[in-house]
Every structure is written in structure tokens, then in C-alpha cells.
Amino acid sequence: SQYSAVDTNPLSVYIMQPIWNKIIKIVPLWIAPNLLTFSGFVMILFNYFLISFYDWDYTASGTSPGLVPTWVWLFSAFTTFCAYALDSIDGKHARRTQSSTPLGELFDHGLDSWATSIFVLSFFSVCSRDNGKTGVSVYTMYIYLSIVLFNFMCSHWEKYNTGVLFLPWGYDISQVVLIAAYLLTGTVGVEVWQKPLLFGYYITDLLVILLIGFSLFLSFPQTLYNIHRAHLKKTLKNDSLYEGLLPLVSPLLLFILLTVWVVLSPSNILAKQPRLFLWMVGVAFSNVICKVIICQMSSTRPELFHWFLFPLALVVYAAISGLLGCMEEVVLGVFTALVTAAHVHYGVCVGRQLSEHLNIYIFSLKKRVQE
């Protein structure tokens, strides 16, 4: 299917696009667009592990500021900008080198579906977890992450039904806010997040309010409106309501299972291992959404229950019933590692199959030699 995306965000159209159009001119024509996409993702990952190294349990900015060196925050601003730039120019570069392929589209959106959670998890280090005075509770972090992922899912669910990806306004705004937050933290210090800004509200409170407001009153209604408009124009991809709602079943069940674990965990797993748990949430979500993206691109039906829901249900049951006992953290660790490995394996397999099927290399513009 022909890829079509619509971007109506003024920030993107008037400010960022002209910048990307200048940057793209520097990129050599022999570089494969997927290499740009992947480089951006690697930078986000590297940055995330760097922050995790200094701040594993999200306390470095709160109880003992100064644990994270200033250069790390400035480096975070730099990597976030680079990743944002690379993610914005890969498509332009593909058109420039006449190498736009379904593989590139899947690669871009698939990595975005994972990167989305990593951006959020890195940002939590800036605000730090609740220490009684300042910071954000781990439950707020979980809800915050869920809302961001819900937004991401909506735009792809919308594309599944309309055939058009309406680029969410939140994307450009969130990237610019992230870069600004890192720069602010690097130049002023983490203390800036621990002082009330307006009417006793902290910057972090305002960001959470903004995010929830954005999602519930802008993104989600926009999604429903676009689907409704396609329905009126009779351009919907799926005739029945069941078909249209099908991609939402697995993500919603995933969210329900994870929330049950968070709320009913005997050892309060989210408070004990916020970084591990939230990472697992992001990876699981990314795997579920990748299936939806593939179905939407290949015009096939997503299965009702994603395979991942079964092992997750088992683990959640074992945890909340007290079967795991003091092993809950260990099991979370092993489970997270397995989920991450399964997701990477899945990505590599799909990439290889598509590159063979389309007769192209993933990271090179050379054509494959026909066997």
C-alpha cells in the first residue's frame, strides 16, 4: 500500500521542517535511509543506558542531586536532538535517493514504537521519583507512560482504519520540550524541578497536566474525528465495527494485565523495580503495536490475542497469588530479559524476510544479486 502521512502541526511545518531541509543536504547520497533511522535509535538507547548507570532507581535528581554529572544532561539534549533530526529526515532522504520501501516504513515506525517509551523513561530521571517533598510517584510514571503509549497506538490504529497516518502534534512538541528540559537541567541543575513554579505547582506537575490534556482533549478526539470523516466519505478500510476495533483488543488487555500486576503485587513490584518494570511495559507494547503496523501495511487482520498475553497472564497470576513469594523481582528480571530478546529476535526476523522479499539490503542502497 502507498504510504501517506499528513502533518498539520505548525511547529513542525514552520519551524522544524525548514531546519530538516537544511540538514538533509549534508547527508551523502550513498547512505541508506534505514541507517539514519537506526543510528537515531541507537543514540536514544545509549543515552538511556548512560542515564540508568548514574540513576538506576530514579532517585538521583531528588534525594541526592549531583549524582548525575552535568555533562550527562547536556549529552542527553544532544542525543535527543540528533535522534529527532534523524527520525525526521530518514523519509526525506529515502525520497531523495528514490529508495522508499515498505521495509523502511516498518523500520521507522517499529523503532519509533520502542523509542517512544525510552524517551519517557529517560525523562523520568530529570524529575526523579517521589521522596516525600518533590518528584513524581512511580504510579504517576506508569500512568504517564501508558498515556504516551496510548497516544502512539491511536495514531497507528487510525492509520489501520483510514490508510492515512495523521502525525500526532504531540510528537514535535514533546521532542522540543524534552530537549529544553535536558538543557535546563544541564545549565541550571536538577534543583529547578524541585521548586514550585506557579501556584505551588512544580514544572513536572504542569507537564503531566499538559500531557493528559493534550491526549484526552486533542489527540484522541482528533483520531475519532478522522475515523468518523473517513466513515462519512466511505474511505474506511474496514467495514465492520469488529474489524475496526480488533487492533485495540491486545493493547487494552496488555494494559489491564500490567495494571493488575502493579496494583495487586504483594511486594509492590513497581516501587521496588520501577526501571525494570517500565522498560518491560515499553518493550511489550512495542511488540504488540509492531504487529498492528504490519497488519495495517499488508492489509491483513491482526489476531485477537497477541501471543505475549499468555505468558504475561501466567506471570501476573503467579505474582499476585503470592506463588512467586520473594522471587517476584527475580522473575520480573528474567521475564524482562526474555521479552526484550523475543522482541529483538522478532525485529531481526521480520527485517530479514522483508529484505529478501523486496530484494534489498537493510543498511545499504546496493541491490541484492538475484539467486
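The backbone N, Cα and C atoms fix where each Cβ goes, and this holds for glycine too.
According to TrEMBL, the protein has these features:
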- 26-50: transmembrane segment (TRANSMEM)
- 70-86: transmembrane segment (TRANSMEM)
- 136-154: transmembrane segment (TRANSMEM)
- 197-220: transmembrane segment (TRANSMEM)
- 241-264: transmembrane segment (TRANSMEM)
- 276-294: transmembrane segment (TRANSMEM)
- 306-324: transmembrane segment (TRANSMEM)
- 330-348: transmembrane segment (TRANSMEM)
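Nonlocal intrachain contacts for the transmembrane segment (306-324), taken as residues 6+ away from its ends with a CB within less than 8 angstroms of a stretch CB, comprise 250, 253-254, 257-258, 260-261, 264-266, 269, 284, 287-288, 291, 331, 335, 339, 342. Nonlocal intrachain contacts for the transmembrane segment (241-264), taken as residues 6+ away from its ends with a CB within less than 8 angstroms of a stretch CB, comprise 139, 142, 146, 150, 153, 156-157, 160-161, 227, 270, 277, 281, 284-285, 288-289, 291-292, 295-296, 301-306, 308-309, 312-313, 315-316, 319-320.
Here the transmembrane segment (136-154) has long-range neighbours at 58, 112-113, 116-117, 120-121, 124, 127-130, 168, 170, 174, 204, 208, 211-212, 215, 219-220, 223, 248, 251, 255, 262, 270-271, 274, 277-278, 281-282, 285, 289, 292, meaning same-chain residues at least 6 beyond its ends whose C-beta is under 8 angstroms from one of its own. Sequence-distant contacts of the transmembrane segment (70-86) (same chain, six or more residues past either end, CB-CB distance under 8 Å): 19-20, 23, 36-37, 39-41, 43-44, 46-47, 50-51, 54, 115, 119, 122, 126, 175, 178-179, 182-183, 185-186, 189.
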